Amino acid sequence: MEGATTLSELLRFARGRLTVPYIDDPALEARMIVEHFSGISRADAISSPDRLIPAEALVAIDAALRRRLAHEPIHRIFGRREFYGLDLLLSPETLEPRPDTETLVEAMLPVISETVARKGECRILDLGTGTGAIALALLSKIEQAVATGVDISEGALETAALNAGRLGLGERFTPVRSDWFANIFEQYDAIVSNPPYIPATHIDSLQADVRDFDPRGALDGGEDGLDAYRLISEGAHRCLAAGGTIGVEIGYDQKDAVTGIFQRAGYRLINAARDLAGNDRVLMFQESRPEDA
Ligand SMILES: C[S@@+](CC[C@H](N)C(=O)[O-])C[C@H]1O[C@@H](n2cnc3c(N)ncnc32)[C@H](O)[C@@H]1O
């Protein structure tokens, strides 16, 4: 990074280094890295491109560029990612929350509001909570809701609890270590989950930034990718309150298979939603009624 002393020189240098086939927008990522580690805002960058960059920022930027060139996703390098307007900390044990998952939050919000209108509160169970993304997004929008975030990973739960506290939601979020429903003994009005759903045999062919940096336990859905849906649909009856709703994220080609799994377990599909790219992404179920038989 020798000679890269002014902001504009540094940006040019960083963009050049990130110009490799697997980075779609090197200019954007260069700007994000430089701004993040130099503390310079976008407005400062525009108004004073000749400002000098302190040596310690240059060291941090150089280290970040090396990590990015080793395929590490940019938000993992920053250690945080925005989800549904919330600033969430990441850790090696958490999946990096994706914008597609905001589809599940959007789809479930009306259900949570309706439950609050009916019962004065809404109890949410988030299975495989990771950073806490889904539960915390729902809690941030609906004050009368409380959530239990379940994960099998202790490390993920620590990050979820930290995120809840930082966002001022700690009093309404309870982390519980559990293999799906194993340690869950109460009933919930809404069960939400973005479970691992990638077929095990596909994982090695994923892009390196997903395969090597998201935890395998957050991706691997078993042989056909559907193991978690089978377990969740079987276990949910005991923990779903009367009239409650289950909302799950799915892979783009899993709508029919997951609908079949839930129907065979005694649920009916009440809603389906697509993500911004138009892919099937969310399915919502309630327990079947006698007239559905
Ligand atoms: C795809 S990630 C979703 C994380 C987060 N909900 C999100 O949407 O960003 C799946 C999560 O399920 C958790 N998980 C995997 N198997 C589990 C199990 N048997 N019981 C509970 N959680 C599990 C993983 O540790 C991971 O945090």
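Keep in mind that glycine also has a Cβ here, set from the backbone N, Cα and C atoms.
The DSSP secondary structure for Trp180 (S-adenosyl-L-methionine binding site) is coil. Take the CB of Trp180 (S-adenosyl-L-methionine binding site) and look out to 10 A: across all protein chains shown you find 20 other CB atoms. Per TrEMBL, the feature S-adenosyl-L-methionine binding site maps to Gly128, Thr129, Gly130, Thr131, Gly132, Asp151, Trp180, Asn194.
Under DSSP, Pro196 (substrate binding site) is assigned to coil, being neither helix nor strand in the three-state scheme. Other C-beta atoms found within 10 angstroms of the C-beta of Pro196 (substrate binding site) number 20, with every protein chain shown included. Residues or ranges marked as substrate binding site in TrEMBL: Asn194, Pro195, Pro196, Tyr197.
Feature annotation from TrEMBL assigns domain 'Release factor glutamine methyltransferase N-terminal' to 9-79.
TrEMBL lists 116-198 with the feature domain 'Methyltransferase small'.
The Cβ of Thr129 (S-adenosyl-L-methionine binding site) has 31 neighbouring Cβ atoms from other residues within 10 Å, across all protein chains displayed. A strand conformation is recorded for Asp151 (S-adenosyl-L-methionine binding site) in the three-state DSSP classification. Comparing Cβ neighbour counts within 10 Å across the binding-site residues Gly128, Gly130, Gly132, Pro195, the minimum falls on Pro195. Within 10 Å of Pro196 (substrate binding site), counting C-alpha to C-alpha distances, fall the following of the binding-site residues Gly128, Gly130, Thr131, Asp151, Trp180: Gly128.
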